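One structure below.
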């Protein structure tokens, strides 16, 4: 059991900065996900936590104990690798028990633990097989079992689901979350898939260019993205963005983009006031865009895609395409006129000069309605 | 169709080219000397005899005919060859593993140049360096010992061994090493329990290569050895052809004996190579 704390962690590979400056605290028993596009430094950060990568600067603490000087085999961590990295010459049972053998756990106890873990992961019939005789999903479970069989301070998972097909990935996602709940241990999970991050984590750290852009609960990240990057990266389908200008109209603040005018909430805060007369980017999630017969901004249906319970309708507003997620059935036809309503309490506003959010949706569906910014 | 026939003819022809001489030497080793030279040749011995083999253990009968100690020396020469070839293989594997691991895993200045230089040493003909080798061995007081041969053969085989192992090691996923490290292995334990077992096919290929290099070598053995204390089977086999007489059936029997150890080695190791253990370790 351990709290993992990163302080100004930095990594350069021969002059190329992979991780610029990361400070994070992963609470004991927390499920924290590092998410970001490829090359954002998330895997490198994870490898520095487990000691497979030497840090160029900064410090990592396990329960206030600095560990930067310790090699991977002296740190109290277990890891699941993206490629599974099962030992091809060992049976499943030997793979599972390998770390315990290295820790000089008595043989009888290893056997018991192997049986327990295999049973809990549903691989008890595979114990005598070699990795090459297993399917992808089975290998994944063995890789997982090899980590959780140990009593480690922190469990590190590096894109463990990315080699599975979609169906299996969904199942394993739920299983992993359940496993975390049962084990009650610190999990640090790396993925480029924002759905995985969203569904499993207690907290998400969104990374880009070797920096943490925002670290918060999934609800918070979804409802109040700290900047344009987080807003665009998290959420599927992604948030709509419109570039325009903030204008003062008497007491009111308006956002204008071609024919689109949105009146910004009254208590929008000083940051928005400062943007008056400047360019701004308005963001709104597809599920917060309403389609009506009239009363909103007129546009034409560009395409409608059925998602199941919902329909994702893409509407052309002048030069821009705006996506709206509306309940099925939707009977609008291509090129049909439609009115788009952008509710002021649902919009985000970003400062395009640095991408930072100056206004977050005040009534995001995932947050309590009364909660204020 | 014609293409297939041609292919088969060529394949069979090549197989015969490899197998017939070997068959012939086995065949002759069971013949009497008189039958061996008969025309037309006998494809099976008319009066099969194990005399040739028996005389290696009990040499007095034929020794005089051959005119040297070749017959009596053969079993010892095979033993010498085994010791020298086995030692060469082991020394090569140990040194080669360390070097090849460094070349495959570490980035250091000049590593590529160094690899080429290693290989360049093999471009020098043996005859050009045999005199310096002889002088060095004499200075080290190693003449007519296993040490001289093992040392010489290691210098021949090591560059190629490093190349074989380096290429094989590069195929082993880095994540396996990482996994072992996280699973609480230090470097030596990781090598012993994970890396080397997975490298078994490559290690076996390198071992067989260096074993055969040592087993077949003639010229250096001829120079460096002078008594049966260290003379290897190629040297002794040459002794069967003397000024007085050449005993082809005895020579054949000695040849068969010389083939057995490497043959057994390859047969044992073939299973290891075929297992192809690296398959299925990652992704798949």
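Backbone N, Cα and C define each Cβ position, glycine as well.
Because the structure is a prediction, the values reported are computed rather than measured.
Looking at the stretches B:46-65, B:146-165, the one that TrEMBL records under the feature transmembrane segment is B:146-165. Relative to the transmembrane segment (B:146-165), the listed stretch B:76-101 leads the set B:5-26, B:76-101, B:186-212 in CB pairs under 8 A.
By number of Cβ pairs under 8 Å, the transmembrane segment (B:218-240) is matched best by B:252-273 from the list B:5-26, B:186-212, B:252-273.
Long-range contacts of the transmembrane segment (B:5-26) within its own chain (CB-CB distance under 8 A, at least 6 residues past either end) are made by residues 252, 255-256, 259.
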